[in-house]
Each structure stands twice: as C-alpha cells, then as structure tokens.
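Q: Handing you a structure now.
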Amino acid sequence: MMKLMLFSIIVILFSLIGSIHGADVPGNYPLDSSDDTYLCAPLGENPSCIQICRKHGVKYGYCYAFQCWCEYLEDKNVKI
C-alpha cells in the first residue's frame with residue numbers, strides 16, 4: 001500500500017512539473033490573400049506547410065486539423 005501511495009505521489013509531481021514547464025510553442029494559422037487558411041493533408045509534418053510558413057517568415061510549420069500551422073508566426077505576419 002505504501003509503495004502505491006509513493007508511486008502516486010511521484011506521478012502527480014511529474015505531471016505538475018510537466019504542466020508548469022510545458023513546451024507549448026506559440027504560433028498561428030497563416031492566411032492567404034483572401035483571408036483563408038491553407039488547407040493541407042496528410043496531418044503532421046508536411047512539406048507544403050513548411051514551404052508556406054517560410055513564405056510567411058518562419059522556419060517551421062505542420063499540418064494540424066487539416067490546416068497549416070506555423071510555429072512562432074506572429075499576428076502581424078499572418079497574412080501575405
């Protein structure tokens with residue numbers, strides 16, 4: 001019983017540490033000249049999304065929810 005309690009406490013502590021130091025990377029969905037997002041497939045790392053994100057001035061992006069997502073894309077650079 002004591003081992004289970006200790007294990008539970010350790011799991012909770014690691015969960016809290018992970019949520020405090022989470023790796024949420026800011027970003028935005030880039031927009032084309034018609035204010036539409038760029039559609040994409042397959043999900044995940046996607047060469048066309050990376051290319052689109054580079055046009056918007058950031059180094060990396062990927063396909064998320066069938067739309068290109070650019071990491072570190074600021075609001076002012078969303079539309080080209």
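A Cβ is built for glycine as well, from the same backbone N, Cα and C atoms used for every other residue.
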Q: For Cys40, what is the disulfide-bonded cysteine listed in Swiss-Prot, choosing from Cys53, Cys63?
A: Cys63
Q: With reference to Swiss-Prot, specify which of the listed residues Cys68, Cys70 is paired with Cys49 by a disulfide.
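A: Record-based pairing for Cys49: Cys68.
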Q: Roughly how many Å lie between the Cα atoms of Cys40 (disulfide bond) and Cys68 (disulfide bond), rounded to a whole value?
A: 6
Q: Over the span of the domain 'LCN-type CS-alpha/beta' (25-80), count residues by DSSP class, listing helix, strand and coil in order.
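A: Reading the DSSP string over the domain 'LCN-type CS-alpha/beta' (25-80) gives 12 helix, 17 strand, 27 coil.
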Q: Would you pick out, from the disulfide-bonded residues Cys63, Cys68, the residue whose Cβ has the largest number of other Cβ atoms within 10 Å?
A: Cys68
Q: Note down the number of other Cβ atoms within 10 Å of the Cβ of Cys70 (disulfide bond), including every protein chain shown.
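A: A count of 26.
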Q: Using a Cβ cut-off under 8 Å and a sequence separation of 6 or more, which residues in the same chain sit near Cys53 (disulfide bond)?
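A: Within the chain, Cys53 (disulfide bond) has Cβ neighbours under 8 Å at Pro30, Lys59, Tyr60, Gly61, Cys68, Cys70, Glu71, Leu73.
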